[in-house]
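Here is the structure we will look at.
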Amino acid sequence: MRKNWWKILAACMVSASVVAGFIGPVPELHILNESIRNVYFHVPMWFTMLTLYLISVINSIKYLNSGDIKHDMLAVEAVNTGIIFCAFGLLTGMQWANITWGEPWPNDPKLNGSAIATLMYLAYLVLRNALDEEQKRAKISAVYNIFAFPIMVVLLYILPKLTDSLHPGNGGNSTFGDLDMDNYMRPVFYTAVIGWILTGSWVCTLRYRLRLLENKANKIQ
Amino acid sequence: MKKISLALAFVLFSICTFAQDNTVEMATGLRSSGKIWVVVGVILTIVIGMYIYLFTIDKKVKKLEDK
């Protein structure tokens, strides 16, 4: 149980963010109204995805350095979990955009960037399935992953800041920090982000451990 | 006199609409009636249930690893 403290912490933090997210005070803004509370649920999905992809790219580099297949396994499972959070981020974003921006998919650079980034990571998984030989698959996909990560960061976090985007903090829009003058949203938001990142990492380690077991079982046969 | 009172009425009317425009519609009714806690309760049930489920999966994987 001593090693599991962070899993309990993840559960407590997400639960706390749900309670504080619905009950706590929020700035009263036009158009957004109560939907500003989505910040506590939609944004952490993307932060979790980013963390998982970062874990993946670090392990891809580690694999290329050491040649240890375990690093490759962790890299692919991090992407597998990250893509789930990416899907949650897209779906929740579309629901929120529908009521605030008038349509689920306005032509926003951040949205289109996220679509390209999603396809890039789906291509990573397809690429892996196309290669049969274990060493070759690990090496090619590790190199692909190292290229994909910085492009994803540019598409999601740099390009939208340079052009006009509907998202806060992009293209001259005020950030949520400016809207949240009294700073009562900040602690809840950070609790939610850390809680969800821990949850995502937990699911990722579960998948990784299962893959190790599967690998062991395949070797015995 | 009639014109002035009419103008005054229009001015007051415009103030009224201006005041309405300034208030942002929030779900204060849901909050004051305490029914928001029902929503919180439902989502907490789902979230905590999800974590309990994750813990049972964790235990199962642990068991397999120890074999």
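Positions of Cβ are set from backbone N, Cα and C atoms, glycine also.
Among the features that TrEMBL reports, domain 'Cytochrome c assembly protein' is placed at A:35-157.
If one looks beyond the transmembrane segment (A:45-61) by at least 6 residues along the same chain, the residues whose Cβ comes under 8 Å of a Cβ in the stretch are 71-72, 74-76, 78-79, 81-83, 85-86, 88-89, 92, 121, 141-143, 145-146, 148-149, 152-153, 156, 193, 196-197, 199-201, 204. Marked as transmembrane segment by TrEMBL: A:45-61 (among others).
Residues annotated as transmembrane segment in TrEMBL: A:73-91 (among others). Distant neighbours of the transmembrane segment (A:73-91): 42, 45-46, 48-49, 52-53, 55-57, 59-60, 63, 114-115, 117-118, 121-122, 124-125, 128, 141-142, 145, 196, 200, 203-204, 207-208, 211-212, 215; these residues of the same chain sit at least 6 beyond its ends, with a Cβ under 8 Å from one of its Cβ atoms.
What TrEMBL lists as transmembrane segment is A:111-130 (among others).
Annotated transmembrane segment per TrEMBL: A:142-159 (among others), in sequence order.
For the transmembrane segment (A:188-210), same-chain residues at least 6 beyond its ends with a Cβ under 8 Å from one of its own Cβ atoms are 6-7, 9-14, 16-17, 20-21, 24, 39-41, 43-45, 47-49, 51-52, 55, 73-74, 77-78, 80-82, 84-85, 176. According to TrEMBL, the transmembrane segment annotation covers A:188-210 (among others).
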